[in-house]
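Here the structure comes first, spelled out in structure tokens, and everything after it is commentary.
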């Protein structure tokens with residue numbers, strides 16, 4: 001095979017593995033035999049050799065997919081409440097109801113598992129465990145139920161990408177046996193923390209040196225995002241590259257005394273990169289970057305020339321052999337697409353003609369091109385981009401590369417050798433980080449949200465720029481036509497206005513959008529370190545290009561409905577606010593109040609008055625009427641049977657086409673007479689799958705089915721969207737638009 005054919009074979013392998021993210025089912029082990037026969041026949045006949053890559057990718061996915069399924073079965077076949085022995089695989093972080101981290105299980109109910117059958121789980125505890133600790137405890141094993149919306153955090157996809165097959169919640173009265181093991185890495189971290197814990201930039205240094213970002217606050221992340229410098233505090237390919245260059249520089253210096261040892265610079269570079277990856281606990285981005293360095297050196301010393309593109313392709317192929325489901329994680333795409341952007345930028349700069357003037361502007365050109373290429377990547381994954389990133393990156397990438405990172409390496413080397421020298425070096429590092437922390441204040445507000453349509457248009461412009469150099473005019477024209485068509489005719493063509501009941505778990509958040517304006521009814525829950533407003537509502541709004549909202553309605557004050565109120569007020573500045581509770585600067589949402597928004601009439605039916613603290617019975621019940629289409633929507637909050645009985649006295653005010661099921665389908669709500677008075681064609685319950693309260697109650701579902709209403713709940717269907725036209729309306733759900741991918745079906749299974 002020629003070098004081109006080998007590259008095409010690798011490309012087909014990569015494409016085959018990545019395609020597994022959309023497979024509706026995972027073939028069983030028997031399909032491996034078919035793959036072996038196919039490859040053997042191709043080799044013997046010497047025909048279709050390129051297809052070996054695709055077939056091998058198919059086989060790799062089958063092997064890893066079936067191993068994951070066997071790992072899941074090893075847990076769930078043992079029962080719901082089981083005793084596990086395991087080892088902590090990641091730092092524990094605080095969540096709304098305790099602490100959460102990743103652990104690998106060695107034994108289930110005292111039965112040892114085979115090495116390849118040791119599953120990874122997401123372990124939820126009452127207190128944090130340290131990395132590498134071994135433990136024995138009793139847990140309740142549960143499937144992984146993620147939220148499914150058009151944007152926002154996807155727990156199922158993230159779990160599959162990391163090889164996690166279940167959740168485990170420690171039983172309240174469980175006994176613990178914990179065997180703490182202090183690794184050499186943890187000893188280094190502990191020793192270093194003695195020097196840096198009192199420094200002003202301790203959180204930033206900890207993130208840079210050890211990939212521990214837990215100390216960075218939400219405001220820190222916001223400032224770094226606005227400046228476009230998030231990549232500088234997350235140890236990734238950029239940092240491993242800096243480590244490699246630093247090691248090479250040391251090796252070159254050493255070689256002056258040992259001129260016959262030509263291998264010293266690359267060897268020092270590789271060792272330094274490996275050490276830095278180890279300090280970062282071999283996170284996926286660092287492992288990928290180190291593999292690229294290793295492959296590059298291997299090819300160089302074997303006197304085989306491969307272009308940077310082929311080296312990158314080989315590195316991707318090797319990783320996918322070991323971790324075929326890594327593409328399910330955003331970090332995989334960010335890592336490799338960033339490298340692609342760098343290679344393209346360097347290629348463009350290399351084409352420049354001239355002498356020292358052209359060379360002196362090379363850095364600026366690379367940064368300009370790199371920024372243009374990063375914008376669509378940022379738009380796809382983060383629904384926005386930093387308008388100030390080009391300035392900040394132009395200043396701080398060299399600053400980190402030539403000053404911060406080398407100084408940090410020297411400080412790390414000095415720490416075990418001399419306390420006084422180490423203390424001085426760490427203090428110097430703290431000082432050189434001051435320009436960064438000081439300048440971040442000027443980036444505030446420079447984050448620009450990008451709708452999906454705008455992102456696609458930016459991609460089209462970027463493709464035109466790249467295509468002018470690499471593609472023929474015909475291919476480029478077809479590519480641009482496809483992208484622009486998708487951008488212009490995307491989701492916005494559905495309906496005059498739309499309603500979206502977001503999948504927020506136990507809670508409620510409803511968007512109503514019409515003519516480029518948006519209204520939000522309830523905000524979902526919040527916890528100590530975040531909220532649904534931040535994880536789901538904000539990404540959805542940003543994906544649609546909204547940077548503010550017109551109207552915010554808070555039905556009542558319970559956390560699962562009003563938890564994200566502060567976040568929404570701070571980040572989306574609602575112009576008008578309504579609530580049944582007496583919040584400052586909120587208008588009353590009480591019976592007989594009416595207003596018109598975007599030609600839609602809002603009729604408040606309940607409660608009779610505002611209160612100091614609005615509980616479930618005080619929920620703001622609103623009927624939304626579209627006179628043009630005669631469509632009616634009933635928003636019910638968490639009202640209960642007593643409120644429903646009073647509302648039934650005026651049934652003509654209740655009749656609606658679509659309604660929100662009160663109180664998440666609780667048996668304390670949805671009285672049959674109330675349901676009959678509303679007579680909805682579609683009833684939507686916002687709830688968490690397999691929740692602890694047993695919602696929805698069977699009798700509630702039966703009450704709606706008795707009125708011939710179509711029942712949907714977000715726990716089963718994901719985000720529910722209703723599109724209203726002048727003469728008709730229809731609905732779509734995120735989980736039933738297509739057949740669910742195999743990994744979602746697997747993770748949502750319980751005890752069989």
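Each residue's number is its place along the chain shown, starting with 1.
Cβ coordinates come from backbone N, Cα and C, glycine included.
Annotations in TrEMBL come from automatic prediction, not curation.
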The annotated transmembrane segment range in TrEMBL, which must be one of 229-256, 509-536, 537-564: 229-256
Stated TrEMBL location of transmembrane segment, expressed as one of 199-219, 262-282, 577-597, 598-618: 262-282
TrEMBL annotation of transmembrane segment - which of the ranges 138-169, 458-489, 650-681, 682-713 it falls on: 458-489
109-128, 289-308, 629-648 - the range that TrEMBL marks as transmembrane segment: 289-308
Range annotated as transmembrane segment - as stated in TrEMBL, picked from 86-108, 362-384: 362-384
Per TrEMBL record, range annotated transmembrane segment [choices 6-28, 328-350]: 328-350
Range from 229-256, 262-282, 289-308 with most C-beta pairs under 8 A to the transmembrane segment (390-414): 229-256
Folded-back contacts onto the transmembrane segment (421-438), same chain, C-beta under 8 angstroms, at least six residues removed: 192, 195-196, 199-201, 204-205, 229, 396, 399, 403-404, 407-408, 410-411, 414-415
